[in-house]
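Asker: Let me give you the structure first, and then I'll get to my questions.
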Amino acid sequence: MWSIIEQIFPYAIIFTIPLLITALGGLFSERSGIVNIALEGLMVIGAFSGALSIHYLSGVLDNHTLVLWLGLLAAIIAGMLFSILHAFASINLNANQIISGTAINLIATALTVFLARNMTGSGNIRISSGFSPSNVPFLSDIPVIGDLFFTKTYPTTWFVLVILFVSSFILYKTKFGLRLRSCGEFPQAAEAAGINVRRVRYSGVLISGAFAGLGGALIIVTQSGEFTGTVAGLGFLALASLIFGQWKPLGVLAATFFFGFASTIANVSQVIPELAVIPPILLKIFPYVVTLIALVIFSKSSQAPKAVGETFDSGKR
Amino acid sequence: MRNTIVSLISIILGLVAGGILMLFIGSNPIEGYSYLLQGALKNLERIGNTLATATPLVFTGLSVAFAFRTGLFNIGASGQMLVGGLAATAVALTFDFSRPILLLVMVLAGLVAGALWAFVPGLLKAKFNVHEVVSTIMMNWIAYWTIYYIVPGYFKGEFLETESKKLAESETLRTPFLTNMFDGSYINLGLFLAVIAVIIIAFIIDKTTLGFELKAVGFNRFAAEYAGMKVNRNIILSMLISGALAGVGGVALYTGNASSIQIGILPAQGYDGIAVALLGANHPVGVFFAAVLFGILYSGTGFMNAMTEIPPELANTIIAIIIYFAATSVMIERLLNKFKARKSNKDKSGPVVEKGDS
């Protein structure tokens, strides 16, 4: 049993990281009061622009690691720019945030495949190679923990974890974090205190765009190595993890890791004899059913930002 | 009227944006659009295909619009279509009824399956206030994986593992009368079902107490409750009807337009239903025309793609942009108001409305 866990742990982490960073982005947006169902589309945009820039840059630059990081940067910028559409619609125009998000999901998937097909013909963009996993020196020699956390890790994993802790700090220990949270709870009070609610919400949405873009590109450089026009519902899963994690950074970490682990088990179940006895369908639907149950359990004590999803009307009492 | 103008302006803006995209990739937009129209409407067969393409969209559009009237956002039409299609396929492959009874049972099976799939989010919303957007997304993936294993397990196709056994022509909604009328198009009885659904839903929404209560819950849940309406029951009922519509949409898609169900795909029509409902201003008749428009875009792009270099994803892109403009209709309305204000400023000879008059 232990060897199975040891075997699948690295894969579970690889699966978790894009989900984690995307859900964290969603956290910034929702904590500022804007529902961001567009995470899926923003991930697609990130995957597309990441794959595209890596594809082209690898012909120009020799340093492949640099190319990969530049690709991630491009994905962050593209995600951020695209999320302006959502911010503009839901903050300036008081649009229904769920509809605006749905529209962005549709635009992102259609537009990227449209452009990719125009460039490559097949609509897929391959990159020559992604990051390669490596062991962390010294730490990987620690028994148990070393095997689980420090062998076969990607540099991007550590990068995302750093972002997680920085985000946590920003959210709870800085002026900006307090303002962001106040805009999601009671924007009228926040405005009365002199906070520019619209500006804070813009930053929340833009951060979510940047993180979701990064999440999409991480799938390309650590898992698939190819843009195929979809991220297979990971953005929606990130949204579910956000709620599952009760809009808290560490909760989100736990929720995304749960999804990562459960999905990995489902994916490898056929090759591991101990798991092959369980019908695969049960393993596949397990994370979704658990989410539904979790939503029911949390429903009484939901920590959702109070003003999330509502259009901001500064005259409302 | 106002909704119609907003929708029309959104459509025009979307088409303009599509034209700009075509220019961007170095194609001629006028040529592109003319091929698109030819591909969708040039002869009877293509018109039939266009209408057939629109049929599932009518159902999913109605499904989303109906739930939306009760203030519910049914994003799970895809999953409801899948289980509806699966139920109908299972009936067709299992039972040996005579054709009219078989078709009736298939449609009913799809209807019930879709309704059941939507019942879960409805119940969770009513009893536990679980947001239906998340729960319907979860239900979509549960449907996706259920189909993924049930189809190869029980209804495996003869040649391919990834699709169900092909239905015989007599086991589908296709009928020689329509096929011949439209020169061999795959148009089928689903279209009639869609028209009937439009009429029934319009009647429920506009003419019945039930429709009134559902709308009241959508406008203000608490006021409706105060007025003595059973809010929870209405929420569940609304989701049931919404899911039933999507389920029949699945029947039309998988046993009418197609004759087998494929695994590993969440039907895009479910998400497009949101677009159809929004563009149709959540009214059944509007939904019908919006679905036909999308049918034209989808079925025309194949021909356009064959004749030019433009990728067929142009249709999705245009639709998505239309929806963005429809979602931000405030912008269009502001422009309209400005336009109106300028107009009325010009001839302001008449009496000005006093403050407090209106």
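Using N, Cα and C of the backbone, Cβ positions are placed for all residues, glycine too.
Quantities reported herein were computed from a predicted structural model and do not represent experimental measurements.
According to TrEMBL, the protein has these features:
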- B:5-27: transmembrane segment (TRANSMEM)
- B:47-68: transmembrane segment (TRANSMEM)
- B:75-95: transmembrane segment (TRANSMEM)
- B:101-120: transmembrane segment (TRANSMEM)
- B:132-151: transmembrane segment (TRANSMEM)
- B:186-205: transmembrane segment (TRANSMEM)
- B:235-255: transmembrane segment (TRANSMEM)
- B:261-280: transmembrane segment (TRANSMEM)
- B:287-308: transmembrane segment (TRANSMEM)
- B:314-336: transmembrane segment (TRANSMEM)
Asker: Does the transmembrane segment (B:261-280) reach the transmembrane segment (B:47-68), going by 3 or more CB pairs under 8 Å (6 or more apart in sequence)?
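Answerer: Contact criterion met.
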Asker: With the transmembrane segment (B:101-120) as the reference, find which of B:47-68, B:235-255, B:287-308 contributes the most Cβ pairs under 8 Å.
Answerer: B:235-255
Asker: Which one of these stretches, B:5-27, B:47-68, B:186-205, B:287-308, has the most C-beta pairs shorter than 8 Å to the transmembrane segment (B:235-255)?
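Answerer: Comparing B:5-27, B:47-68, B:186-205, B:287-308 against the transmembrane segment (B:235-255), the winner is B:47-68.
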Asker: What residues elsewhere in the chain lie close to the transmembrane segment (B:5-27), defined as a C-beta under 8 angstroms and at least 6 residues from its ends?
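Answerer: Residues packing against the transmembrane segment (B:5-27) from afar: 33, 279-281, 286, 290, 293, 308-310, 314, 317-319, 321-323, 325-326, 329, 332-333, 336.
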Asker: Counting CB pairs under 8 Å, which listed stretch among B:47-68, B:132-151, B:287-308 touches the transmembrane segment (B:186-205) the most?
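Answerer: By Cβ pairs under 8 Å, B:47-68 leads among B:47-68, B:132-151, B:287-308.
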Asker: Would you mind listing the long-range same-chain contacts of the transmembrane segment (B:287-308), meaning Cβ under 8 Å and 6+ residues beyond its ends?
Answerer: 7, 11, 27-28, 31-32, 35-41, 46, 49-55, 57-58, 61-62, 65, 194-195, 198, 272, 275-277, 279-280, 314-315, 318-319
